[in-house]
Amino acid sequence: MDTSHHFLLLMLLHYAIGSNEGCLEILEVGKNITAKKCPPLKPKNLSCIAVQEDKKISPNLNCSWDPGSRDPLLDTTYTVYVYVNVSSQTYKADCNQRLARYCVVNLDYFPNHVLLTVWVEVKNALGSERSDALEEYSKDFAKPNPPSNVQVLTEVNIPTSLMVTWKHLIKKNVLKLSYAIRYRKAASDVWVEVPENLTRGGNESYILQSLEPYTQYVVQMRCIEENYTSYWSDWSASVTGRTAEANPPLKPKNLSCIAVQEDKVISPNLNCSWDPGSRDPLLDTTYTVYVYVNVSSQTYKADCNQRLARYCVVNLVNFPNHVLLTVWVEVKNALGSERSDALEEYSKDFAKPNPPSNVQVLTEVNISTSLMVTWKHLIKKNVLTLSYAIRYRKAASDVWVKVPESFTRGDIESYRLQSLEPYTPYVVQMRCIEENYSGYWSDWSASITGNTAEAKPASAPDLWRIIQPSSNNRNVTLVWKAPVKMNGKVMGYYLNIFQDDVMFKSYNIKTDNISQMYSMELPPEKTASIELIVSNSVGASPKATLFIPRSGQEPPGVENMSWSVRDEKLQVEWTAVTSLCDGLHLSEYLLEWVNIPQLQTEWQRVSSSVTNTTIRGDLEKLKRYNISVYPIYKYKTHFQAGRPVTRPAYVQQGTPERGPTVKVDKFKKNSAELTWEEIPLDIQHGFITNYTIFYAIGNTKKWESPVTVGPNVHSYVLMGLASETDYVVNVMVSTVAGSVKGMDCTFKTMKYGDGEVEVIVVVVCLSFLFLTVFVMLCLRKREVIKKLLWPQVPDPSDSSIAHWSPDFPIKTDVPKEDVSVVEVDTFDGKCLCEEDKTVLPLKKNKYHSEEHSSGIGGSSCMSSPHHSVSDSDSGDSGQTTASTVQYSSVVAGAYKGQTSNHQPPVFTRSESTQPLLDSEEHLEHLSESGDQSRSSYFRRGRELELGVGQECDGASLTFCPVQEETSPVAEDPPTFTLSYML
């Protein structure tokens, strides 16, 4: 072998004693080369990562490790294994490199929220190794993408803030994220990171604060699994934003300071306030108030850290009395500063005392128009000397009356209020100020109430009457109110009543029984004069008088009275009275309103020069009132009312509480009369404008066209209804405020209209009567009817042919016997109806001889084929069937004993329409034979019967049939013809 093409390898295998490398040295003979081959080292620092794809984690797990620094110098395979604990599946990937450092394992899909175990096995010809297992949850291998759509927004009114917003780019059920934000000025490279605890969780916005106004900032973001166990995403692209522009502060204006009273001295806390202006500096701004005490040359100050501060309190330790103080305000922020104008005043000008204490209002016992007001000082006079202000009002009024300040100036502690009204409660308040009015007024004191003393009533009671006419009398109710100027407590009333100027009754109504009402009966033809006086503890009032004229003699009233609603009050307007009766003088107008249906009456009076006014009473909404206007006339010393004009009115209208209840009083075939009652006035809640009727068939609720009727209509007739049909109907009531429906009512129209039932009954009764009379007549006239319907037919047994014989003369006294008629179908049943066939020869093949037979009973077109005539019942000989039969003529060659030449007899048809006897119908004794025609025979005597083999006896006078010949016989015309008609 040529050594240039072959090598002889001498391999010397040895392992160094104590060596753990396990390397193999290979000596290659021929080349004189020794190579050292080694097994792989154990992989270390295994880590894996799965990046985000779209909105989920990629299934490709990128794993990397440290293979060691020793090259094995042999082909080596690295295999990465991933074991999914939940599904028990194992995925792997091979990397055939001697010193492979990474490999990608495809997991088909990324397993969310499960435990994964990852390891690496390395193998070559000299050995294998396995890395330590990496056991972590799948989310710990995930690396999300940076937040998307990052924006930096300017906070318009906050120049030190920026709003950062972003969007999630991964499904929350896959991975929940926390965020990291870092920012820097655009002109700087120094990043400031927001603490991670401020951006932890699933937020999508964050406000960067404490920034510089009108400055550009650069912002970046990244994200990680919310518990920080996964990989951080890369930083997002830089986004730039600018903070808002800020303003320097404005100069404070209208500076003022006040020190309030505490106990009996002035508080050392000076409360200063000012106007900072309307422009917000948009920066942290500090306001500082300075107070300079001129006597001690001390300066006090206080800071207020607000952008638009309006007040601040400076503590002066002790309030300096009677010294000059200088106060000013300085404001400062990052963009500038300003100082207010100085406020220079004496300390007393800053003081605000408390209201006077222990204020009392005392009644002047003997002076009913005065009240005494007293109070106390609550501040030391060496601190502040005061002047006072007093105001008062009636307890029932909101109008205050102020006492001139000059009356209460100086160091006083009481004042008398004068020119007040007697027996009236008054409310009094007080306040105080530095005596020269240079400081601040105190607040008003609490309200104190006092009553003036009683005085004699200054006005008459308000007397009125309510007249209700009855059948023969007038029911007069006298009502009154206490005088407007009662000036004291009512002790009693004195009532005098005159009828036709004669004292009728006098009453003294004490205080324990003051009902302010009295009723009496006044005849229509009489007049009444009423006098009423009220008294208190001081004296009696002037007299109130009222005159009631006779019925129909009232003075004229007003015209054209109307009302309207304004500001939820009733305003009444009327036309003034123009015509006055002699001796009457128009004194005033009286407005009366009566609550319906309670009939509670109230009234008020207005001047005679007024023609419109607003009712002062507390009228309820949704309630009806009758408003009346009376002119009040004065006649001598009495007052009397003219005729009233009354109108119903509402302060506010509403919908009725319920709808009307409809009833169906009369319903007919095509109409129904509906009635409903008027809704009670107390629940109408307004003027009814109309009623609307709704009706429909059955429960279909397909309403027909509604019918609207006026407010005064309470019945209606529905027309055009279907007969015998169920209807449902209801009525809706309406006011200007709305409508409400009543309860449904159902009814059913009648089947027949008015008179239809009577007509049917009459027709049925007349028909029954007519039938009864007809039946009775038929029963009484049955013999006549029988003769008319069934005429009597002659008995064939009494006919001459029944007693005739060719061999024997006719006997005159032949006993009456039954004759039976037997039908014979002659000439094959053909009908002999024509008049020109009166004579027809008999067929020889049917009968040998017919000298002894009769042709009676042959069938005709006008008769039934089966009839019999019997004279067995002489009483019913006239009855027969509905059919008639023609009698035949018997034509023979011989007559009464003459010799016959045996010529065949001839039958001729009779035109008689007499009905056959009933006995003709019984032909069951006859027998039928083949194609032969049937013949009719008269039999004499009921004992004779036709039978087979019966021979004809020549001595008897009975007809019998001739036996048929076997050979046909030619028919010869008869030489002699005799016609005999029955």
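Cβ from N, Cα, C; glycine included.
Residues annotated as signal peptide in TrEMBL: 1-18. The domain 'Fibronectin type-III' annotation in TrEMBL covers 146-246, 355-455, 656-755. According to TrEMBL, the feature transmembrane segment maps to 759-779. Summarising the annotation, TrEMBL assigns region 'Disordered' to 849-882, 896-915. The compositional bias 'Low complexity' annotation in TrEMBL covers 859-878. Residues or ranges marked as compositional bias 'Polar residues' by TrEMBL: 897-915.
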Give the mean pLDDT for the domain 'Fibronectin type-III' (656-755) on the 0 to 100 scale. 89
Helix, strand and coil counts within the domain 'Fibronectin type-III' (146-246) (DSSP): 3 helix, 42 strand, 56 coil
In the domain 'Fibronectin type-III' (355-455), how many residues does DSSP call helix, how many strand, and how many coil? 3 helix, 42 strand, 56 coil
What is the number of residues in the domain 'Fibronectin type-III' (656-755) that are helix, strand and coil, as DSSP sees it? 4 helix, 46 strand, 50 coil
